[in-house]
Amino acid sequence: MDSKKIQMPREVHIGPDVLEQTGSICKDLRIDGDILVVSGKNTLKIGGKKAIDSLEKENYSVDSVQITEATKQSIEKVDRKLDNISLIIGVGGGKVIDVAKMASTNRDIYFISAPTAASHDGIVSPLASIKDPQGSYSLKAQSPIGVIADTNIIRNAPFKLLVSGCADIVSNYTAVKDWKLAKRLQNENYSESAAALSLMTAKLMITSADAIKPRLEESARLVVKSLFSSGMAISIAGTSRPASGSEHKFSHALDKIAPQPALHGEQCGVGSILMMCLQGGDWEFIRDALKKIKAPTTSKELKIKPEYIIKALTMAHTIRKERYTILGDRGLSKSAAENLAIKTEVI
Ligand SMILES: NC(=O)C1=CN([C@@H]2O[C@H](COP(=O)(O)OP(=O)(O)OC[C@H]3O[C@@H](n4cnc5c(N)ncnc54)[C@H](O)[C@@H]3O)[C@@H](O)[C@H]2O)C=CC1
Ligand SMILES: O=C(CO)COP(=O)(O)O
Ligand SMILES: [Zn+2]
């Protein structure tokens with residue numbers, strides 16, 4: 001049998017103001033040498049500066065760089081800063097974390113993930129979602145050596161980011177169904193434990209929906225822990241399969257064609273309603289779960305015109321062709337896409 005490698009973070013710090021302990025956390029992790037903080041323009045102010053101050057207090061020499069998109073160009077921009085760097089810390093949303101993760105992997109440098117929002121389950125995963133005009137790629141990367149999730153920053157982030165993280169987790173339902181289908185039809189590698197963890201996380205998220213409230217530390221902590229557990233499912237599987245199927249293809253298609261895409265998790269949630277219906281499952285259950293967490297369930301709530309929803313549905317199968325899903329190899333015709341979106345009341 002093939003051997004298998006599962007990477008897990010060595011230390012996970014979740015709590016109010018933990019970013020102010022970044023320096024001592026790095027000391028505990030025995031990080032020696034210079035550190036690069038990767039963030040976005042806003043997230044530098046919101047979290048990056050706190051990390052830098054704390055590192056400098058512990059006498060680390062720190063450089064920083066800001067990126068806006070999760071692209072090859074951003075990875076190259078980070079790469080140009082990496083001579084003599086021992087550790088990269090990504091302080092920001094999913095895009096920042098993916099770029100920092102990928103740049104650290106390419107150079108075999110340690111990486112710490114410091115999310116400023118609980119908006120996606122890539123916080124600990126060993127994969128990076130990188131985009132270019134042709135599409136979106138799930139690239140193998142290293143897991144972070146540590147996670148620093150400052151719940152004071154996360155609770156004060158716009159509520160829609162937290163809701164988006166919850167919707168990304170709800171979408172695990174359809175992702176696992178697609179994965180099972182690929183196992184049956186293509187004999188694809190399938191992990192019972194990764195699938196079970198992914199589904200358990202989604203179920204718990206829905207059960208706790210009433211506890212997800214704006215500005216509450218407890219809510220931020222709950223969602224971070226759920227994203228962590230969904231990310232662990234990805235780590236066990238070694239692929240994003242337990243958390244990304246046809247609903248994610250739909251979201252990646254929207255990212256490509258919509259003039260103003262919505263948040264990743266918001267789009268995946270709506271995608272999950274649509275794909276659950278295609279899969280012959282209980283799509284009303286997904287819709288009601290999303291409503292309970294106050295996530296968008298319609299094109300109007302996504303603020304994306306119906307024509308883009310239909311277009312994304314008809315092209316979703318062309319994204320990540322190697323990933324077999326309910327969309328099959330030919331995907332949906334325009335009329336089938338329209339019927340589906342109308343039936344599920346997405347348009
Ligand atoms: N590698 C993996 O396994 C996974 C990767 N992803 C990727 O992650 C990305 C989605 O992540 P998102 O965080 O939704 O998108 P994002 O990184 O674009 O962040 C969304 C917005 O929130 C802002 N933001 C972040 N923290 C904030 C705060 N505390 N206050 C105010 N604004 C704040 C950001 O500056 C940005 O404008 C996608 O590219 C997706 O493909 C998603 C899931 C898993
Ligand atoms: O978003 C993900 C899981 O929530 C994984 O992303 P990919 O669809 O890029 O593999
Ligand atoms: Zn996702």
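Start at 1 and count along the chain as shown; that gives each residue its number.
Glycine residues also receive a Cβ, built from the backbone N, Cα and C atoms like all the rest.
Those TrEMBL annotations? Automatic predictions, nothing curated.
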Glycerol site partner of Asp121, His248, His264 according to TrEMBL, chosen from Asp63, Asp168, Asp178, Asp329, is Asp168
Result for ligand 1 contact check over binding-site residues Gly94, His248, His252, His264 with Cβ cutoff under 6 A is Gly94, His264
Among the binding-site residues listed as Asp168, His248, His252, within 10 angstroms of Gly94 (NAD(+) binding site) by C-alpha we get none
Cβ proximity for Ser119 (NAD(+) binding site), under 8 A, sequence spacing 6+, ordered by residue number, returns Gly93, Gly94, Ala157, Leu161, Leu162, Ser164, Gly165, Asp168, Leu263, His264, Gly265
One of the binding-site residues Asp121, His248, His252 has its Cα closest to the Cα of Val96 (NAD(+) binding site), namely Asp121
Hits among Gly94, Val96, Asp98, Ala117, Ser119, Asp121, i.e. binding-site residues with CB under 6 Å from ligand 2, come out as Asp121
Cβ atoms other than its own within 10 Å of the Cβ of His248 (glycerol binding site), all chains, total 30
